[in-house]
Amino acid sequence: MKKRIKELTDLLNRYRYDYYTKDAPSVSDSDYDKLYRELVTLEQSYPEYVLQDSPTQQVGGTILKGFEKYRHQYPLFSLQDAFSREELDAFDKRVKAEFPNATYLAELKIDGLSISLSYENGFLQVGATRGDGNIGENITENIKKIKDIPHQLSEPLTITVRGEAYMSRQSFKAINEARQENGETEFANPRNAAAGTLRQLDTSVVAKRQLATFLYQEASPTARNQQNEVLAELADLGFSVNPYYQLTSSMDEIWDFIKTIEAKRDQLAYDIDGVVIKVNSLAMQEELGFTVKAPRWAIAYKFPAEEKEAEILSVDWTVGRTGVVTPTANLTPVQLAGTTVSRATLHNVDYIAEKDIRIGDTVIVYKAGDIIPAVLNVVMSKRNQQEVMLIPKLCPSCGSELVHFEDEVALRCINPLCPSLIQRSLEHFASRDAMNITGLGPAIVEKLFLAGFVHDVADIYQLTKEDFMQLDGIKEKSADKLLAAIEASKSNSAEKLLFGLGIRHIGSKVSRLILEVYGDISALLTAKEEEIARIDGLGSTIAQSLTQYFEQKTAAILVDELKTAGVNMHYSGQKVNSDAALFGLTVVLTGKLNQLNRNEAKDKLEALGAKVTGSVSKKTDLVIAGSDAGSKLEKAKSLGIRIEDEDWLRKL
């Protein structure tokens, strides 16, 4: 029986691969079902012989208690967006300045959810969401319910791969029809449906919804030399790989490919929102490296957004957490990119003046980045007698006089006691990318603020069960969950806290970079502006904003209150000391390394405090030259830059 179970498992997995990966079924559905039922019967009789990669392990489901956080061994970066041919040409110029012979691989940008899959000795161990790029959620049990993801690879590799999980248009239509019949709210679009599916606690729901994937990257070190070779290897290993891509050195050919794909976009079985262009050589990718947010070797061209006409009925003015007052237009409802849109941002007062936008105007509405509804311009031919829009002089929340700084496009409320400003700051502090206090959303924050229970973020950690129970609609169970979420947030790594403070110009990635150096929030109270500016990826604007914030007496008081409440002040990741051997130095790796691979060398340099870049310039402090080093070594010599070899690096 053991042998027959193994035969059936291998046979059914091969049929599944032919169907889902090759899109070439090699057996009829009835024959497949007959073999499948035989395997189910045998496994029920001999459970000790059930194999880890059995197709039966993808059927049915369990109820999960929740999703654990998962720290990615290899961070997931965002991509730089482009919306024009000129931006693509600028990208090409930057790349060709370093590598004149560079070729590109253009791939479809699938409108789905980024996933990371880790295998050990060929077996799937972890499936995770992207999260913030460093920490995602472990959704392995749900990932196993996606039929085209292999539980076992065709080779016993230890590897981490990346891709997109998506829902086909056909599956999306069927699911929404079923939800409509059951009186349930329909999903807005396939991407939202896929996102909701992957976060289901009932894995049987995931199995029924028929998600699919396209894999496109080996995140772990690979023996391949080119991106197109990576795609071929992924397909050989049993993954689904998108068949549409273009390999070329010509941006003209890339542009032709983009236009061809855009023309057939509606004919595809799944949603796409653009084309990703990557430098094909993995060695060149390593040399080009990354900015704080994105790789320098790739760019994502986004298709132009769908546009519709709508009438502006009125305008709301709201105060954000930094005091910026944002105008939002209330519109006659229109269908846009799969959703009903009745509100759209007008950005700021300068934008309103530039476009001469007035209440009652017919305007062109689109979704910026296919996400945020915005007003593009006015249809002047349909204007009647609309009057110029009145711009508020007083804050809509606190009544304080608004200011319009010369170097800014927005109106701003500068009253630190403005109720809206405080509430938005509290919401930001509790948000997922900051302290991630589950359940503490805008509605509850507003109730807490109006009840007088919270005035700053430190007050959150003084809340009691009785406080929550006094709020309308909060029962004992909800109060317990909120208190548990608040307590859990105390143990977050310090970069979450720093981001949560809402300091201007200090985003989540910048927060991590700062804490990698300083290690503790308390150390920022005495940090020097020039020291902060030296950190790789930052600069004077960020350094000035950070030091100005922590120079305030209120900042020291707030940090002390948070510390007293038990909120963690320490960075839990790898810290780079300011006295590290290469702290603050800009270093370039060039040539072939014989004892370290390039990733190992880069990791060591960064651990020693260096900024590793891909090109030699006057700003370069040090070049590590391996064998066969070429033009970069010559340029370093001509500029008088210090040069060391691999042995020197290994001894550090």
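Including glycine, each Cβ sits where the backbone N, Cα and C put it.
In Swiss-Prot this protein carries:
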- Asp29, Ser30, Asp31, Tyr32, Asp33, Ser78, Leu79, Glu107, Arg130, Glu164, Lys278, Lys302: NAD(+) binding site (BINDING)
- Lys109: active site, N6-AMP-lysine intermediate (ACT_SITE)
- Cys395, Cys398, Cys413, Cys418: Zn(2+) binding site (BINDING)
- 577-652: domain 'BRCT' (DOMAIN)
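Structural mapping of features recorded in Swiss-Prot.
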residue: Leu79; record: NAD(+) binding site; Cβ neighbours (10 Å): 18
residue: Lys109; record: active site, N6-AMP-lysine intermediate; Cβ neighbours (10 Å): 23
residue: Arg130; record: NAD(+) binding site; Cβ neighbours (10 Å): 20
residue: Lys278; record: NAD(+) binding site; Cβ neighbours (10 Å): 24
residue: Cys395; record: Zn(2+) binding site; Cβ neighbours (10 Å): 24
residue: Cys398; record: Zn(2+) binding site; Cβ neighbours (10 Å): 15
residue: Cys413; record: Zn(2+) binding site; Cβ neighbours (10 Å): 24
residue: Cys418; record: Zn(2+) binding site; Cβ neighbours (10 Å): 20
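Each residue in Val319, Gly323, Pro396, Ser397, Gly399, Ser400, Leu402, Asn415, Pro419, Ser420, Leu421 lies on the same chain as Cys395, Cys398, Cys413, Cys418 and has a C-beta within 8 Å of the C-beta centroid of that Zn(2+) site, without being one of the site residues.
In this structure, the C-alpha atom of Cys395 (Zn(2+) binding site) lies 37 angstrom from that of Leu79 (NAD(+) binding site). When the domain 'BRCT' (577-652) is classified with DSSP, helix, strand and coil residues number 24 helix, 18 strand, 34 coil. When the recorded positions Lys109, Cys413, Cys418 are compared by Cα distance to Lys278 (NAD(+) binding site), the shortest distance belongs to Lys109.
Lys109 (active site, N6-AMP-lysine intermediate) carries a strand DSSP state (E or B).
Per-residue pLDDT, averaged across the domain 'BRCT' (577-652), gives 83. Across the structure, Cys418 (Zn(2+) binding site) and Arg130 (NAD(+) binding site) are spaced 35 Å apart at their Cα atoms. When the recorded positions Lys109, Cys398, Cys413 are ranked by how far their Cα is from the Cα of Leu79 (NAD(+) binding site), Lys109 comes first. For the recorded site, Cys398 (Zn(2+) binding site), the DSSP three-state label reads coil. DSSP gives Lys278 (NAD(+) binding site) a strand state.
Lys109 (active site, N6-AMP-lysine intermediate) sits 44 Å from Cys398 (Zn(2+) binding site), taking the Cα positions as reference.
Here the CA atom of Arg130 (NAD(+) binding site) lies 35 Å from the CA atom of Cys413 (Zn(2+) binding site).
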